[in-house]
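Below is one structure; the comments refer to it alone.
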Amino acid sequence: MSSEVLSANSDVFAGLIAQKSPGLTCRMEVSDVENLGVFKETVELMFEESNGIIKKLMKMGVYRAIDVLEVVAGIKVSRAGLSYLKYLEAVPWTEDEEERLRRVLALYNLDDAATEEILARFNSNETENTQENLSKQLVWSITSCSDTNPRNELISLVKGILCKSSVYEKEQPEINKEDIYKAGKYCVYSLVKLFEEGRSSKSGRPLIEGISREVENIIWLLEIMIDWEIAEEFVEIWGKQRKLVEMHEEASPMVRYELSIVTGLMFTAIGKGRVCKKGLDAREVEEGMGHTLLTLPLTQQYPVFIEWFRWFSKHGTECPNFRKAFQIWWRRSFLRGVDSSSTCRCFIEA
């Protein structure tokens, strides 16, 4: 190999060659070489023209090119180093490759001017407040979107970004509760308005589609709230919708089903500590409702379970089956040393 090429390209090689006698074949030893194959490829690239370096790097791929860049930084390659950085700046990276490139650039003091464009892909001048504003815009864009297919795609995308349990959790700032609640309240308000419109006109399918869309909005926003453990107040908001309760009785079975999805989701989340799958699973909802009732003080549980017992004995499958919750309530009330003589007497008299 030409010592002139090695000296011109690498400060480390230049220093080693300077220690040897001129005009003689010299042997150099470089310590701490972890991957001999990558080291050999890096040295060979020093003998290529700039265009040849780019072509070889393209054949290697990004992952291998980052290995080469690490060797380049270690032996302080100057001329060819810019070609490596230009190649890496121009190609897309996987998340794993991005993390490796971050580590290499942070570990070695590479030329600031040469790495500036790569660093621009890592860092943004946007403030955290701007990130919050952008999240807010994304949420509101979806709630106002009426085209089903892109809407579903965007819901999945935004949930993946905003949910605390997503792959982006390590970089996820705290979600703005107020913004999510504003969107949720607006959807509830829109839902009430749709019901009121349905009372005064025979809207048919457009009404059903509008109700279904607002219910879907409420559900995916509620899932984000549950994930961030900020849903408690929204459950109270939903529970206080007296107009919806009144209009629910007059609505068609299809419309009542849409509302039941929201309520069922809340009961399941409270009772079982997780979000239920899309749609209504009657057994899961019943279990969730039962567990939710068991969170009440025993004095409040008593009239609820007694009334359920009476109603279920008369109407059977027309009401939820709280058998498991009833058994738990009974054990807690009468079989665990609770002073329950008055309760037991009332139950027998009933």
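Note: Cβ is positioned from N, Cα and C throughout, glycine not excepted.
The domain 'At3g05675-like ankyrin-like' annotation in TrEMBL covers 128-275.
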### Task
Could you pull the average pLDDT for the domain 'At3g05675-like ankyrin-like' (128-275)?
81
## Note on the structure
Residue counts for the domain 'At3g05675-like ankyrin-like' (128-275) under DSSP, helix then strand then coil, are 118 helix, 0 strand, 30 coil
